[in-house]
Amino acid sequence: MNPSLFLTALCLGIASAAPKFDQSLNAQWYQWKATHRRLYGMNEEGWRRAVWEKNMKMIELHNREYSQGKHGFTMAMNAFGDMTNEEFRQVMNGFQNQKHKKGKMFQEPLFAEIPKSVDWREKGYVTPVKNQGQCGSCWAFSATGALEGQMFRKTGKLVSLSEQNLVDCSRAQGNEGCNGGLMDNAFRYVKDNGGLDSEESYPYLGRDTETCNYKPECSAANDTGFVDLPQREKALMKAVATLGPISVAIDAGHQSFQFYKSGIYFDPDCSSKDLDHGVLVVGYGFEGTDSNNKFWIVKNSWGPEWGWNGYVKMAKDQNNHCGIATAASYPTV
């Protein structure tokens, strides 16, 4: 073949392979870009539009199936709309499911009255939903959430604690800043360091700084160690009921979680072992009288626009769904 003809054919092939967009979605696309302040280069715009459209149509199909009773939760377009699921998992999840020093083991209370529902938000234990940004620091937000709750239980004062302090300063304990970490390592840092600064004094940047700027005079919390829970939902329920919010890790790597909006989250593909995201259980409850409608109230760190005002109801007592009881722990204060 004549080389020039070959190049012409190749270029025509590329042109014909360019994505064809659904013009009926133009207004929604432009609105989404404006809402989330997206500015793309010429070469990226088409690719991102194609990813966004694919996600939009997947969400619409899921919600049609929800209306037919096939799912127990809805999905919605959100800030992750132009990300493939692979990108989403790389950027947003940062729990490192690695071997580490264990804490004390939780001793389940034998005679405690365990209520059918608990919500520590109503008791003042929980700070507003935060946003980790595009930094794999979920572990830090889960850890501060549990420590904020335990400090409130001890002092009666709710103080927002510094995730950036943990991101910058806990590498000696095994954490890797925006590249991931463990809540237990964060609790160990607070004990080793003798304190953790307040959010106000050490604000969140959403990036690695390589410099620890901890100021002892701004410390707003301390801990004496941490306790690991047995890998059972009943143990998690007893801990949440009697102690307050508990740090947990889950498998959050699915598109169904990426675009979760409301209802009780259940995905049959969710793993109880492959954990990638640190979150905070702040309570539990049930809908109606059906025993299958029990849920955990889980605080996420993707901002209040995601999910149920920043929270997700996760299926409870469904064989440790998404591994919610696999790596649960809390700090002792």
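Using the three backbone atoms N, Cα and C, a Cβ is placed for every residue, glycine included.
As annotated by Swiss-Prot, signal peptide applies to 1-17.
Its own atom aside, the Cβ of Glu122 (Zn(2+) 1 binding site) has 10 Cβ atoms within 10 angstroms in the protein chains shown. Under the heading Zn(2+) 1 binding site, Swiss-Prot lists Glu122, citing similarity to another entry as support.
What Swiss-Prot records for Cys135-Cys178 (among others) is disulfide bond. DSSP gives Cys178 (disulfide bond) a helix state. Non-local neighbourhood of Cys178 (disulfide bond): Gly94, Cys135, Gly136, Ser137, Val167, Gly206, Arg207, Asp208, each in the same chain, at least six residues away, with C-beta under 8 Å from its C-beta.
Feature annotation from Swiss-Prot assigns active site to Cys138 (among others); the stated evidence is similarity to another entry. Shown in sequence order, Met92, Asn93, Gly94, Phe95, Gln132, His277, Gly278, Val279, Ser301 are the residues of the chain, 6+ apart in sequence, with a C-beta less than 8 angstroms from the C-beta of Cys138 (active site).
Around Glu163 (Zn(2+) 2 binding site), taking its Cβ as the centre, 29 other Cβ atoms fall within 10 Å, counting all chains. Under the heading Zn(2+) 2 binding site, Swiss-Prot lists Glu163, Glu199, citing similarity to another entry as support.
What Swiss-Prot records for Cys169-Cys212 (among others) is disulfide bond, and it gives similarity to another entry as the kind of evidence. Close to Cys212 (disulfide bond) in the fold, though at least 6 residues off in sequence, lie Asn165, Asp168, Cys169, each with a CB less than 8 Å from its CB.
For the recorded site, Asp228 (Zn(2+) 3 binding site), the DSSP three-state label reads strand. Sequence annotations record features per position, and here Swiss-Prot assigns Zn(2+) 3 binding site to Asp184, Asp228.
Taking a C-beta cut-off of under 8 Å and a sequence gap of six or more, Glu210 (Zn(2+) 4 binding site) has these contacts in its own chain: Asp168. Positions annotated as Zn(2+) 4 binding site by Swiss-Prot: Glu210.
In this view, Asn222 (N-linked glycosylation site) is surrounded by 15 other Cβ atoms within 10 Å of its Cβ, with every protein chain counted. Summarising the annotation, Swiss-Prot assigns N-linked glycosylation site to Asn222 and lists sequence analysis as the type of evidence.
Annotation source Swiss-Prot lists Zn(2+) 5 binding site at Asp251, His254, citing similarity to another entry. Reduced to three states, the DSSP call for Asp251 (Zn(2+) 5 binding site) is coil.
Here Swiss-Prot flags Asp274 as Zn(2+) 6 binding site, drawing on similarity to another entry. DSSP assigns Asp274 (Zn(2+) 6 binding site) to coil, not to a helix or a strand. Take the CB of Asp274 (Zn(2+) 6 binding site) and look out to 10 A: across all protein chains shown you find 13 other CB atoms.
The Zn(2+) 7 binding site annotation in Swiss-Prot covers Asp276 and is backed by similarity to another entry.
The active site annotation in Swiss-Prot covers His277 (among others) and rests on similarity to another entry. There are 25 other Cβ atoms within 10 Å of the Cβ belonging to His277 (active site).
What Swiss-Prot records for Asn300 (among others) is active site. Less than 8 angstroms from the CB of Asn300 (active site) sit Val129, Val279, Trp306, Gly307, Gly310, Tyr311, Val312, each of them six or more residues away in the same chain.
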C-beta crowding around Cys169 (disulfide bond), within 10 angstroms: 25
Other CB atoms, at most 10 A from the CB of Asp276 (Zn(2+) 7 binding site): 22
Of Asp184, Glu199, Asp228, Asp251 (the binding-site residues), the residue whose Cβ has the fewest other Cβ atoms within 10 Å: Asp228
In the chain carrying His254 (Zn(2+) 5 binding site), residues 6 or more apart in sequence that have Cβ under 8 angstroms from it: Asn85, Asp267, Asp269, Cys270
